[in-house]
Amino acid sequence: MEKNIPKHIAIIMDGNGRWAKKRGLARSFGHMEGAKTLRKALEYLTEIGVKYLTVYAFSTENWNRPQDEVSTLMKLFLKYIKNERKNMMKNKIRFFVSGRKNNVPEKLQKEIEKLEEETKNNDKITLNIAFNYGSRAEIVDAVNRIIKDGKENITEEDFSKYLYNDFPDPDLVIRTSGEMRISNFLLWQIAYSELYITDVLWPDFDEKEIDKAIESYNQRERRFGGVKNV
């Protein structure tokens, strides 16, 4: 039977620190390995026909981590943007960042905006990176913009237009490392997404693990709150 490939996959990339700790390495090594895994995952998902990939890279709560780790993550993201620019243009990957811009280093924010502009017409796959992102913050920001615009009698469709992007809702949400929680990720958008949780740590999440997640997705019956006709 032919596989049904999700149009939009969202991933909570968890376990970088634990991956490094198991090997007696600093947490920063886990984050660097996680960046390599993201590149491989993006290539494979593009190959099999996924159109949107949203990844949870840095939450609004992650500012509470040790300062040296936060600094490492900022530098790593800047390096990732610079290193992947040519690859994204070559493979027609659109780059987009969802999240608040406050606190993000100015140099990093400029590089984000530059790559978003350069890749805005790429249409093979969209890589949406949730960075300095929290879903409650996104909802609050949307409400404040609605109030500012003086809107009344807002529908769900109207509300969605005030979120950080207009991408379709995720079909499948994957969380690595075995944690059984959403962690303030896409609370509005994943109302009817299928969830897949694996004990595999993010740096070890390879093509075979992606296939397992999609196989599990294909075994689900998506009813969106309804019932199957008998």
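Placed from the backbone N, Cα and C atoms, the Cβ positions cover glycine too.
Copied from Swiss-Prot, the annotated features are:
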{"type": "ACT_SITE", "residues": "ASP14", "note": "active site"}
{"type": "BINDING", "residues": "ASP14, GLU194", "note": "Mg(2+) binding site"}
{"type": "BINDING", "residues": "15-19, ARG27, HIS31, 59-61, TRP63, ARG65, ARG175, 181-183", "note": "substrate binding site"}
{"type": "ACT_SITE", "residues": "ASN62", "note": "active site, proton acceptor"}
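The binding-site residues listed here are THR60, TRP63, ARG175, ILE182; among them, ARG175 has the most other Cβ atoms within 10 Å of its own Cβ.
Each of the recorded positions ASP14, GLU194 was scored by how many other Cβ atoms lie within 10 Å of its Cβ, and the smallest score goes to GLU194. Between the C-alpha atoms of GLY15 (substrate binding site) and ASN62 (active site, proton acceptor), the distance comes to 14 Å. Here the Cα atom of GLY17 (substrate binding site) is found 26 Å from that of GLU194 (Mg(2+) binding site). When other Cβ atoms within 10 Å of the Cβ of the residue listed as 'active site, proton acceptor' are tallied across all protein chains shown, the result is 16.
Under a cutoff of 8 A between CB atoms, and with a sequence separation of 6+ in the same chain, the neighbours of HIS31 (substrate binding site) are ASN16, GLY17, ALA20, THR72, LEU73, LEU76. Of the listed binding-site residues, namely GLY15, GLY17, the sparsest CB environment within 10 A is found at GLY17. Around TRP19 (substrate binding site), the same-chain residues at least 6 positions away in sequence with a Cβ under 8 Å from its Cβ are GLY30, GLU33, GLY34, LEU201, TRP202, PRO203, ASP204.
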